Amino acid sequence: MFYREAGDFKTSYAEDNQTFPIKFDRYRYWLVLAVAYLVIPFMINDYWANAIFVPFLIYAIAAIGLNILTGYCGQVSLGTGGFMAVGAYACYKLMTAFPDVNIVFHILVSGGVTAMVGAAFGLPSLRIKGFYLAVATLAAQFFLVWLFNKVGWFYNYSASGQISAPERFVGPFAVTGPNAAPWAQYMICLVFVTVCAVVARNLTRGTLGRKLMAIRDMDIAAEIIGVNPLRTKLTAFAISSFFIGISGALFFAVYLGAVEVGEAFGIQKSFLVLFMVIIGGLGSIFGSFAGAAFLVLLPVALKFVGSDLMGWPTDLVSHLQLVIIGALIMFFLIKEPHGLAQLWRVTKEKLRLWPFPH
Amino acid sequence: MNAMADSYVTEDGRTIGGVLMDLREITLRFGGVEAIKNISFDIREGEIRAIIGPNGAGKSSMLNVISGFYKPQEGEVYFRGALRPAMKPYQVARQGIARTFQNIALFEGMTVLDNIMTGRLNYMKAGIIKQAIWKGAAEREEIENRAHVERVIDFLDIQAIRKTPVGRLPYGLKKRVELARALAADPKLLLLDEPMAGMNVEEKEDMSRFILDVNDEFGTTIALIEHDMGVVMDLSDRVVVMDYGRKIGDGTPDEVRGNQEVIDAYLGVAHD
């Protein structure tokens, strides 16, 4: 009913390979992009940007990054917070060292720096798997946070130990610093998200994606068909960290503006992004968005319902949030390991036949 | 080193070429256990070579030596006339040796199409930047290799399940998909580890037909391990018989069938 697939024939492999093979999906994708680029920037205000859109977009990039590593390549990582910190501090050092270079360039280079750090911390993945690898990446998390606290060079020896983003412009518009307009913050994040998502999708649907999934599903068989396991795993760590580094740089420069490393990029951040990936759907780009949206919106929605409508005390609401997230994680791990993305897929399958399911 | 150094034509008109792979005095130990004891044999271009023997004879170990999983303590492997240095399995794969496994080793989370496409990985060279923007070499390779994979899919008659995740398929079809993945790589040497294990008669007949067709149409050299004697004797050009890690027979199916040691091994005569 909603999905008219009849008559939508593919006559070339290129058509069959596209991201949205069904015409309806394709239209919806363009519609979402049109709204995101042409409608929201004109309606957005400070509250919507800071409470919902900017964090959602930044977390979506981080979730895409972690999904490539954990969802596609099967390497569990708890180092996301640490890698975001690398992106943030790389961006800070670049912004202060080269004030005349465009911020967009800084953010990309921060991604590159994080990619290298990520690949280095990915080295143990050849020898250890699963739970043990997660613990090894946990070491990365704690080491990196410690490093950025301890070595003054990273925060330019500021007295507070914090880093704060100086004002930087894209064209005439400030995107960082206190004078940045909400729509400008939103737009720079949106552009990065769009590019990251398209790149991630292209990488995961082609040769590299198949290599990653081969390693995830059965590494011995992957090796026997000619996949170099070390190289592939390190590539996964590097690409994943590249995205996470970009999100860390945006998180610091555009969203928070000033950062204390243990607070902003602690272990909670690693878990938060991991939960986004689990709830959203392992091995799905759409799932990364769904998970990020869900976990960004949940506290906002709970606060609205709990504090504003029902008048509950704030601490009760914040505890309730932890309970709900915990319950949801268990629910998804047991009932639907492929997360919201799979629920969405099942719904679409059903809608194709609705209202005549037989 | 072999009496039949030159190529010859079989009764059914296929040409068997020179030696493709030559295994010389291979010995493989696991700690104190000698899994393979000083075995030599060769595989000639275009032939179907079977390795048979009772359980625990060392057949799978032999296949693992050929595909680079195990490094023999002694002996040499010659492939296409050159001594093969110590290699990792993925490097062996890139030389043109593909294999299937006794227990199916497919990528369960991927579709049939993606599984078979992984067989083409070594032919896809586009860099990561090109893949990221999905233009130029990356897109072209994807389409060219897809066309190749589709020919394999047609050949094995699995068009209908292309987009099905492998985890949902029944056993017999999984075996066929695994063969398709190995075939997609255009191997020079195809290793099949018990391709018919756990199949019913009809599935065995299908699989036998596929193996013969592969050999016939693509000229692929095949080395296979199989327990079903009838199948082995019908399919193969030459047979190696192993027992307790030793080679006890080598020759055409008829020669092997008449070999007293082989008969003893299968009927279970006490070893001294």
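Any Cβ shown, glycine's included, is placed from N, Cα and C.
Note: TrEMBL annotation is automatic and uncurated.
Annotation comment: TrEMBL describes A:27-44 (among others) as transmembrane segment. Nonlocal intrachain contacts for the transmembrane segment (A:27-44), taken as residues 6+ away from its ends with a CB within less than 8 angstroms of a stretch CB, comprise 19-20, 53, 182-183, 186-187, 190, 194.
Taken from TrEMBL, the feature transmembrane segment covers A:50-69 (among others). Counting only same-chain residues 6+ beyond the ends of the transmembrane segment (A:50-69), those with a CB under 8 A from a CB of the stretch are 40, 44, 75, 77, 80, 83-84, 182, 185-186, 189-190, 192-193, 196-197, 200, 203-204, 212, 236-237, 239-244, 246-248, 250-251, 254-255, 272-274, 276-277, 280, 282-285, 287-289, 291-293, 295-297, 300.
Taken from TrEMBL, the feature transmembrane segment applies to A:76-95 (among others). Long-range contacts of the transmembrane segment (A:76-95) within the same chain: residues 62, 65-66, 69-70, 101, 103, 106-107, 109-111, 113-114, 117-118, 121, 130-131, 133-135, 137-138, 140-145, 148, 154-156, 163, 165-166, 168, 176, 237, 240-241, 244-249, 251-253, 259, 261, 264-271, 273-274, each at least 6 residues beyond the stretch ends and with a Cβ under 8 Å from a Cβ of the stretch.
Counting only same-chain residues 6+ beyond the ends of the transmembrane segment (A:101-123), those with a CB under 8 A from a CB of the stretch are 75, 79, 83, 86-88, 90-91, 94-95, 136-137, 140, 144, 168-170, 175-176, 188, 192, 233-246, 248-250, 253. What TrEMBL records for A:101-123 (among others) is transmembrane segment.
Taken from TrEMBL, the feature transmembrane segment applies to A:130-148 (among others). Remote same-chain residues near the transmembrane segment (A:130-148) are listed as 75-83, 85-86, 89, 117, 121, 124, 154-155, 261-262, 265-267, 270 (criterion: CB distance under 8 Å, separation of at least six residues from the stretch ends).
Feature annotation from TrEMBL assigns transmembrane segment to A:183-200 (among others).
As annotated by TrEMBL, transmembrane segment applies to A:236-259 (among others).
Marked as transmembrane segment by TrEMBL: A:271-296 (among others).
The transmembrane segment annotation in TrEMBL covers A:316-334 (among others).
Beyond its flanks by at least six residues, the transmembrane segment (A:271-296) meets 52, 55-56, 59-60, 62-64, 66-67, 70-72, 77-78, 80-81, 197, 200-201, 204, 213, 216, 244, 325, 328-329, 332-333, 337-342, 344 of its own chain at Cβ-Cβ distances under 8 Å.
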